[in-house]
Amino acid sequence: MLLWKDMPMEMGNITNVQEFILEGFPAIQHLGKVLFLVHLLAYLASIAGNAVIMIITCADPRLHTPMYFFLSIFSFLECGVISAVIPKLLVIFLLGKQTISLPACFVQAFVPVFLGAAGFLLIAVMSLDRYLAICKPLHYPTIMNLKTCFLLVTACCALAFPLITGLVVKVSQLPFCGPHVIPHFFCDLGPLIHLSCSDFRSVEMLAFVLTSFILLTSLIITIIAYSNIVVTIMRLPSAREKQKAFSTCSSHLIVLSLMYGSCVFIYVKPKQRNRLDSNREAALVNTVVTPLLNPVIYTLRNKQVHRALRETVCRMKISR
């Protein structure tokens, strides 16, 4: 197979690409209006669900705990990820407008990857928080104070930002002078790298190393934390307590499995060329399915949250 880097090319004949075309889902593009409606409803439901978590966490003093603080931050990150991706997909479905400028493409490439990386690091922190709360309850209030929570969230963002910024800057320095159709529904880094007309192998390997480091570090911490939680639950004397704890953990693990599974499938492989088409379907899981499930699984099934939500609504009605 002839690669762009193998083609003889005079520098004077290179035309820099000024915009890209997002391919979207060409096989089902004829269902554009139906897909627009489905994804619009999913987007609005995701934003509403995550916004509810953030609002009631701030409004109700009983939810001013480390767990709900982390969940509200996670909901904010989820809103950022889907808001960077889904609106453009809706435009593609409704209007068929698939072009995106070069600067806008790199912004769209940066935002979901940075927020997603910070989100996965935050998931590891949330897993450690649950481990301490369940396995070390006597030490938990001392360890997980407000200052520690802020430091952990700051550390997640501070670690993700330079890693992802450096990666996106490296990708932006690649020359794009040939094909400009991105086989995806947003400017993901993998398909973008493969459009370069130079030798992109070093940048592709850098992307593999960085994303693997973030995902696998988060995954290992989460597995260790939940393994210890399961061992602690098994030691509970009451069968009812065991069932309740396993019910909560199993629902959490379903969402975590979807998130980790889809992202590992997309990013944790050194060469992505053979899977660019299947990456689209996997990316939909992270941008449509899990943001929709997270509010339901993590908090909206929680009786404490239901009570806080009802009281918040009542206070709003009284204030009118």
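Just so it is clear, glycine is given a Cβ too, placed from its N, Cα and C backbone atoms.
Whatever TrEMBL says is automated annotation, not expert-curated.
According to TrEMBL, the feature transmembrane segment maps to 34-56 (among others).
Taken from TrEMBL, the feature domain 'G-protein coupled receptors family 1 profile' applies to 49-298.
Look at TrEMBL and you will find 68-94 (among others) tagged as transmembrane segment. For the transmembrane segment (68-94), the list of distant contacts is 22, 24, 29, 32-33, 35-36, 39-40, 42-43, 46-47, 50-51, 53-54, 57-58, 100, 107-108, 111-112, 115-116, 118-119, 122-123, 125-126, 129, 149, 152-153, 185-186, 286-288, 290-291, 294-295, 298-299: same-chain residues at least six beyond its ends, Cβ to Cβ under 8 Å.
Proximity of distant same-chain residues to the transmembrane segment (106-128), defined by a Cβ-Cβ separation under 8 Å and at least 6 residues beyond the stretch ends, is recorded for 67, 70-71, 73-74, 77-78, 80-81, 84-85, 88, 100, 152-153, 155-157, 159-161, 163-165, 167-168, 171-172, 186-189, 192, 211, 214-215, 217-218, 221-222, 225-226, 256, 259, 263, 286-287. According to TrEMBL, the feature transmembrane segment maps to 106-128 (among others).
Beyond the transmembrane segment (149-169), the same-chain residues lying 6 or more positions past its ends with a Cβ under 8 Å from any Cβ of the stretch are 66, 69-70, 73, 106, 109-110, 113-114, 117-118, 121-122, 125, 189, 206-207, 210, 213-214. Residues annotated as transmembrane segment in TrEMBL: 149-169 (among others).
Annotation comment: TrEMBL describes 205-233 (among others) as transmembrane segment. Taking Cβ pairs closer than 8 Å, the transmembrane segment (205-233) reaches residues 117, 120-121, 123-124, 127-128, 130-131, 134-135, 160, 163-164, 167, 170-171, 189-190, 193, 242, 245-246, 249, 253, 256, 260, 263-264, 267-270 in its own chain, all 6 or more past its ends.
As annotated by TrEMBL, transmembrane segment applies to 245-268 (among others).
What TrEMBL records for 283-300 (among others) is transmembrane segment.
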Intrachain residues whose Cβ lies under 8 Å of the transmembrane segment (34-56), provided they are six or more past its termini: 25, 28, 63, 68, 71-72, 75-76, 78-79, 82-83, 86-87, 89-90, 93-94, 288, 291-292, 294-296, 298-300, 305, 308-309, 312
For the transmembrane segment (245-268), distant same-chain residues with Cβ under 8 A (at least six beyond the ends): 116, 120, 123, 134, 188, 190, 207-208, 211-212, 215-216, 218-219, 222, 226, 229-230, 233, 236, 275, 278-279, 282-283, 285-286, 289-290, 293-294, 297-298, 301
